[in-house]
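Right, one structure below, let's go through it.
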Amino acid sequence: AIMQREYEEFKVRINVLVAESQKKPEEGWVLQDGTPWPGNNTDNHPGMIQVCLGSAGAVDIEGKSLPRLVYVSREKCSGYQHHNKAGAMNSLLRVSAVLSNAPFVLNLDCDQYINNSKAIREAMCFLMDPLLGKKTAYVQFPRRFDGIDDSDRYANHNSVFYDINMKCLDGIQGPVYVGTGCVFNRQALYGYKPPTEKRQKTGFSCCCCCSDDSRSELDFEEIDDVFEDSDEQEKSSFMSLKVFEKKFGESPVFIASALMEDGGLPKGTNTQILVKEAIHVISIGYEEKTEWGKEIGWLYGSTTEDILTGFNMHCRGWKSVYCMPERAAFKGSAPINLSDRLHQVLKWASGSTEIFFSGYCPLWYGYSGKLKWLQRLAYTNHVVYPFSSIPLLVYCMIPAICLLTGKFILPTLTSLASIWLMALFISIILTCVLELRWSKVNIQDWWRNEQFWVIGGVSAHLFAVFQGLLKVAGLDTNFTVRTKSADNAAFGQLHVFKWTTLLIPPTSIVILNMVGIVAGVSEAINSGYNSWGLLFGKVFFSFWVIVHLYPFLKGLMGRQNRTPIIVVLWATLLALIFSMIWVRIDVFLPKKTGPVLSQCGIEC
């Protein structure tokens, strides 16, 4: 009871702070000394760092040092490319290296929280393993979500990916990096290859001495002594400060920290100098003419920087680990209405197409590294899957076209071809059953995943392909989202309707198949009893398409099961077009020649 009361009081205080922070003064935020806060202009401000906890040697009730809590805002300037999340993560990586230089880094999105206090310890069991820890780039945890409706209408839990695919990859070279819920080995982020047995025995470190008047300098003679047993190429790379500046940037303090394999700060460092250096490494020009975003840190060039970064690590020979504790390590929020979910999928698919058209495509990148062939195949699948939307769109339209033209979807098969077709279907079904039994994913989650794969495939994936092609041609596109209705009840966001161009293809497919079913039934009525058997076969495939798109239809209807006016107008237009094609134009059927008319006199 006491804990519950304290929690409720704490929640009230947090809500009050959130409400106050949302009321931005017209003149902007002001600091305690009366000066304007530099971050009032979010697009143009200097770099800012505030050590909120840990600067005065704070300790817990047992006298142990508390972790540092540091607020970081990198420098922003109009006209510069800041690289979104990947650029922010690289700035944080450099600041943490200068101020604390812990050997491991936890990456967690702002909309997630720690749900299992022992999760970090479980990650350390892998990263500090005496045999495999030095070769492990990161430990990835599955993404889990709160606030999802019980039926998981739009497959937000993504159970097939996190509970089947990722577990399978764990048996090859490790799971892909999914952008959050991941603990990194800092050395893997610096572009290093995993250490060999010789290097693990030798080890290396580097010290720097800071003074108030000048930046630290590296003692390369000591580095030379440490690496006297290493090969000549590796030895020469550590002999030139210019090489490190070209790779890491012009910060001797950061370079010194990057060479410390086990982390930690050099003895005798000055805190004020470190903060000053931390400001320097988040300046807008720091990454120019360096390898940041190319070979070091989070890579640039795609909105899905996570796939790109993990792929580059695996190409160097690093391994990753998938950790699934019984209690979810981290939880977060997810978009639960149809339009927002489709735009989330569009972002992921667009990132995959960007990688496909870039120099980092798994089809041709990294063959000189140590990427396993099955791992390459998995990454290739992550890059090319949006292109499956094209045949999927065709397959969803063929049943309706067959109903409109009077033809059957399957050609007449020989006995041998029928056996092969049945064997193919049986093998697919058995594979699904084995995956479900092995992974313990229930049939409802699997079916929701299948449904949303079709919904996303004919909408977000399709648009991502065209976006990628237009981007290659030098054109940029943007799809707007317009809110039409809202609801404040539980799971109210689930029933919010936001019009977006992504809704056009699946809506068209549903209408086309419905018109096809009506046309097929009317044709069967006119043709007599013998045509009904063939009709049921045709209708089955159209019905199967509509069943897969059922969650999409629920999203269009909203809570009151009222179809938005724009959808009604679109449906009416398409129905008229397809009806005209079927009744009058008849473009799919061969033309029949009429009887030859001739004069026959009274014998006609």
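Backbone N, Cα and C define each Cβ position, glycine as well.
Lys85 (Mn(2+) binding site) has a Cβ environment of 15 other Cβ atoms inside 10 Å. The feature Mn(2+) binding site is assigned by TrEMBL to Lys85, Asp109.
Residues 307, 349, 352-353, 355-356, 361-363, 454, 457-458, 461-462, 464-465, 468, 505, 509, 512-513, 515-517, 519-520, 523, 538-539, 541-542, 544-545, 578, 581-582, 588 of the same chain lie 6+ residues outside the transmembrane segment (383-404) yet bring a C-beta within less than 8 angstroms of a C-beta in it. Among the features that TrEMBL reports, transmembrane segment is placed at 383-404 (among others).
Per TrEMBL, the feature transmembrane segment maps to 416-439 (among others).
Residues annotated as transmembrane segment in TrEMBL: 451-475 (among others).
Annotation source TrEMBL lists transmembrane segment at 496-520 (among others).
Sequence annotations record features per position, and here TrEMBL assigns transmembrane segment to 532-553 (among others). Outside the transmembrane segment (532-553), and at least 6 residues removed from its termini, the chain residues within Cβ reach (under 8 Å) are 153-154, 338, 396, 398-400, 402-403, 408-409, 448, 450-452, 454-455, 506, 509-510, 513-514, 516-517, 520-521, 523-524.
What TrEMBL records for 565-585 (among others) is transmembrane segment.
Long-range neighbours of the transmembrane segment (451-475) within the same chain, counting only residues 6 or more positions beyond its ends whose Cβ lies under 8 Å from a Cβ of the stretch, are 154-155, 342-343, 345-346, 349-350, 352-354, 356-357, 385-390, 392-393, 396, 501-503, 505-506, 509, 545, 547-552.
Spatially close to Asp109 (Mn(2+) binding site) yet at least six residues away along the chain are Gly179, Thr180, Gly332, judged by Cβ distances under 8 angstroms.
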